[in-house]
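This report concerns only the one structure given below.
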Amino acid sequence: MADAPNATDELYPIAVLIDELKHDDVLLRLNAIHRLSTIALALGAERTRDELIPFLDESVEDEDEVLVALSEELGSFIEYVGGPDFGHVLLSPLENLAAIEEPVVRDKAVESLNKICNELSPKQVEEYFIPLTFRLSKADWFTSKVSGCGLYTAPYSKVSAGTQEDLRKAFGQLVHDETPMVRRQAATNMAKFVKEMPADVVIEEMMPLFQHLAQDDQDSVRLLTIEILASIAEVVPKEQQSSHGVLLALLRSLMEDKSWRVRYMIADRFEQIAKAVDDEVLSRDLVPAFVKMLKDTEAEVRTAIASQIPGFCALIDRNVLLNDIMGSIEDLVSDTSQHVRAALGTQISGLAPILGKQETIDHLLPMFLQMLKDEFPEVRLHIISKLELVNQVIGIELLSQSLLPAIIQLAEDKQWRVRLAIIEYIPLLASQLGVKFFDEKPLRTT
């Protein structure tokens, strides 16, 4: 008789959970999902595998916020089903969630699937995870294929060479899918996928896929290939790049793409790409492209490339910077877009250590003076907040002689943030100029 109440007590948690998961109130259902681990502990690993997971497998028709929570909980559920040896039992409900129409649910399901994959043994990955990846990738609905695109990187290093080849072939089919949404997701995930492969496989098999995506008729696909380009450039040794014409041809093509959104993506990652290519490509292709982007017709592209100025210029010869690039940078001081000038204001000081004292005096100080008088307060603010870099190169006294009148004028700026920046800068100025300087040249703001 004593056993009966215990059995009833054991059934109670799952009964409560089932009631709450079926409740009309979405908050109660959501709370039940967040309490899954508590329920699983009460049930024990075996009953969680045999009863709770199958029940959850059938519970994928609900509000999106409930399904997102379920997807997230399952990603951390391995310990409740008996550890990694039983981790594969979680794949079925997550596969169903990865096929849901709502992107936020699918994304969380894919994230959890990859998390679980990392804890599975190679045998489990081959037996359970790879078939799941292929099922989603070859499904009729594009939503499943989109999820499938995100499930290639995590298992790749755990499987045999033959399965790796199958994964590459299946991924290639996604790259050639007729639906732009699938091709976009393939492009997004390919940047990570190629990093799992040796250079020869990347050149032989991934380069043609990259070429296909980089020439896609949808700019929303092409702009995502910039990350792939950067990844391939990192994987393929620099000495092999110049001899590989396809990579360079695609790089040139993307840098001159008719869509400003694609050019923006290149501009935004210019330094990253420059670090991954050899010196020949850097000087022959990237320097002219950099200058061209500084003069791009779209302000968004000029803003993005302005943010790359110090990083890129540190990689090139100083004479090339002075002779080929500096003039175009100086033109940005009077750019028609305030956002371009503001971006320049945050970065321009970074050129001082690269140029050295004399060239900073000749080239940067006149730019600073002009930008300290810019009508857009963000520009003035950025220049003031970055003067320390210039100070380190040319010295505080020379900097003050050149810019002090403009700085004093800004102490009465109508923008409070500019005045605050001046207040914060004055102690630095005072400590480095010393008492004698202020005795001889007291600051007068009235």
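Even glycines carry a Cβ here, placed using N, Cα and C.
Copied over from TrEMBL, here are the features:
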- 90-128: repeat 'HEAT' (REPEAT)
- 206-244: repeat 'HEAT' (REPEAT)
- 247-285: repeat 'HEAT' (REPEAT)
- 286-324: repeat 'HEAT' (REPEAT)
- 325-363: repeat 'HEAT' (REPEAT)
- 364-402: repeat 'HEAT' (REPEAT)
- 403-441: repeat 'HEAT' (REPEAT)
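Same-chain residues lying 6+ beyond the ends of the repeat 'HEAT' (286-324) with a Cβ under 8 Å from its Cβ atoms: 252, 255-256, 260, 263-264, 266-268, 270-271, 273-275, 277, 331-332, 335-337, 339-340, 343-344, 346-348, 350-351, 354-356, 359, 363.
With DSSP classes pooled into helix, strand and coil, the tally for the repeat 'HEAT' (325-363) is 35 helix, 0 strand, 4 coil. Same-chain neighbours of the repeat 'HEAT' (325-363): 287, 290-291, 294-295, 299, 302-304, 306-311, 313-314, 316, 318, 370-371, 374-376, 378-383, 386-390, 392-394, 398, 402, counting only residues six or more beyond its ends whose CB sits under 8 Å from a CB of the stretch. According to DSSP, the repeat 'HEAT' (206-244) comprises 28 helix, 0 strand, 11 coil.
Residues 168, 171-172, 175-176, 180, 183-184, 186-188, 190-195, 197-199, 250-251, 253-254, 257, 259, 261-262, 264-266, 268-269, 272-273, 276-278, 280-281 of the same chain, all 6+ positions outside the repeat 'HEAT' (206-244), place their C-beta atoms under 8 angstroms from a C-beta of that stretch.
For the repeat 'HEAT' (364-402), the DSSP counts in helix, strand and coil order read 33 helix, 0 strand, 6 coil. Across the repeat 'HEAT' (247-285), the DSSP tally of helix, strand and coil residues reads 32 helix, 0 strand, 7 coil.
Taking DSSP states H, G and I as helix and E and B as strand, the repeat 'HEAT' (286-324) has 29 helix, 0 strand, 10 coil.
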